[in-house]
Each structure stands twice: as structure tokens, then as C-alpha cells.
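Down below is the structure, laid out as C-alpha cells.
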Amino acid sequence: MKRIGIIAKFHKPEAKTILTELVPWLTARGVEAVLDEETAKLAGIAGGQPKPDLPGLVDLLLVLGGDGTLLSVARLIGTRDVPILGVNLGGLGFLTEVTLEEIYSTLDAVLQGSYEVTHRILLTATVHRQGERIAEYVALNDAVINKGVLARMIELETYIDGQYVTTFRADGLILSTPTGSTAYCLAAGGPIVYPTLRALVVTPICPHTLTLRPIVIPDAAKIEIVQSSTDENTCLTMDGQVGFTLRHRDVIKVGRSDHTITLLKAPGKDYFQILRTKLKWGER
């Protein structure tokens, strides 16, 4: 790898310290560090690149931050096939699994070609109003339809592969990838799904009927949801970061994207070790 792009969560104080050491460390190993404009400003380096251009300029994207930062970078990549390595600067960090203490040993291994990759599926969600497509989004974790600030349930008429499932009366509905199964989906009572499994999870949020449970479906399934509530405060949110206000009878179509995201795995770590550590399994 000759060019590594770096995107940092710029308001994290640790990021500036790391950057002042990391960029010279990469340069000494014959690797050009390419920073986005905000990260370059944080590091005091001139010549940062516009963030949307970065994936097309590098062989690897190094993300310094938390899972939220990595999720935004995953959406930024779009159809470009560039892998991501996430370094956790605090928080839970299921996706940014490399710790600060491990950053240089991990990068050493990566530069020597000693790493594993996982390919994670993405979701696409489109919003249709009166037969016209008016919005389209991509997410790595989930697409969530939920109510606004008023404590009122919403009604979501749901179809899978053209077959009517039910009309969920709930606070909302989470449509999750396996990657997102340890995020909002897990907090709402959904299952943990192995990240490379070809599946999607449909999880109601606080449903009115307690027998409405999470459903695991094939990732090739097409999900269609009609926003049946007259409440104008209903919103579609992608990865908890991008939102779109829905209207009565809007149709939301969700399915697996044709593209995947490639994540580099730290050497010597496995998924169940990460679960044990992050979820504190076995601790008293």
C-alpha cells in the first residue's frame, strides 16, 4: 500500500496527538499519508483533500474515531472498492476494533500484507411519494423509521417480497444488516447476527403487540413499508446520521445494495473475542 487516506474525528483531542506521530511514521515507511481537509487542519498539515475525493485517491482508508465516524466514511465510499481500517478513540467500537495501543503494530502487519478482510453488506433505502422516487440512501448499519417527539405510535404497513407481513403499530421499525445487529437493533431486543451472514433483520421498536418479534430474512429479500400514520413527524434515518421526513402514504423500499464495504481485521482478533470484550460477557 503506497497511499493511505486518514479521516479523523476532529474534535477528539487524542486525534491531533496521533496524527503528529502517525504521518511521519508512515512517511518513514515509504507510505504517503493523504488527509481530508479537516484532518489536515487538525494536524497542521497543508494540502488536505476534499473528503468526498479521498476514497478515489488511496489504497486504504484509516479512520480515527468511533463507529459513527466509520459509518459516515462507509457511506462516503459509495461504489469505490477501498478498504477501511478503524481505530477506536473511545466508546464501544464494534467496527473500530483497533485500540490506540495497537495502531502501529496493526499498521505494521497491514503494510506487510498480514491482515484479513471482511465484506459487509450495505442497505439501500428509497422513498416514493405518489409513485415518484424522491430520495435514495445507503447505510452500513440500519435504516430506521420512527416517530417524532410526540409519544404516539405509528403504523407501518409492511411487505416482504410482495407478501403482506403485518401493520406494525409501534414506536418505529429497524431494518438492519448483520453489521448493524449489534447497534440499535440489539438495544431493541433484536438478535446478534454473525457479520458475514447473508441476512437482514426487521425489528419493531416497542410494539403495541408483544408477540411482534424481530424477524430474520434472506438478504435478497425486498422490503416495502407504507407509512400509514397521519402523523407528519415520522422520519427515516440511515445509520442514525442522515434523516428524511416522511408523509402519510409514503412508500419506503429497503433492500441489500449491489455493493459491499471491505473492512480490514486486526491480526489475532476474532468476532467472538470482540463480543466478549465489548459486551463484557463473563464479567461479574
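Start at 1 and count along the chain as shown; that gives each residue its number.
Positions of Cβ are set from backbone N, Cα and C atoms, glycine also.
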Report summary line: For the NAD(+) site that TrEMBL gives as D67, G68, N141, D142, R169, D171, Q241, the extra residue out of R133, R152, R249 is R152
Requested in this report: Can you tell me how spread out the NAD(+) site is, meaning the largest CA to CA distance among D67, G68, N141, D142, R152, R169, D171, Q241, in Å?
Outcome: 30
Query raised in the report: 10 Å Cβ neighbour count around D67 (active site, proton acceptor)?
Result: 24
Report summary line: Spacing of the two Cα atoms, D171 (NAD(+) binding site) and D67 (active site, proton acceptor), in whole angstrom, works out to 25
Requested in this report: Sort out the sequence-distant neighbours of Q241 (NAD(+) binding site) for me: same chain, 6+ apart, CB within less than 8 Å of its CB, listed by position.
Outcome: G68, L71, S72, R75
Report task. Could you tally the C-beta atoms, other than its own, that fall within 10 angstroms of the C-beta of D142 (NAD(+) binding site)? Result -> 27
**Report entry** N141 (NAD(+) binding site) CB neighbourhood, other CB atoms within 10 A
**Finding:** 30
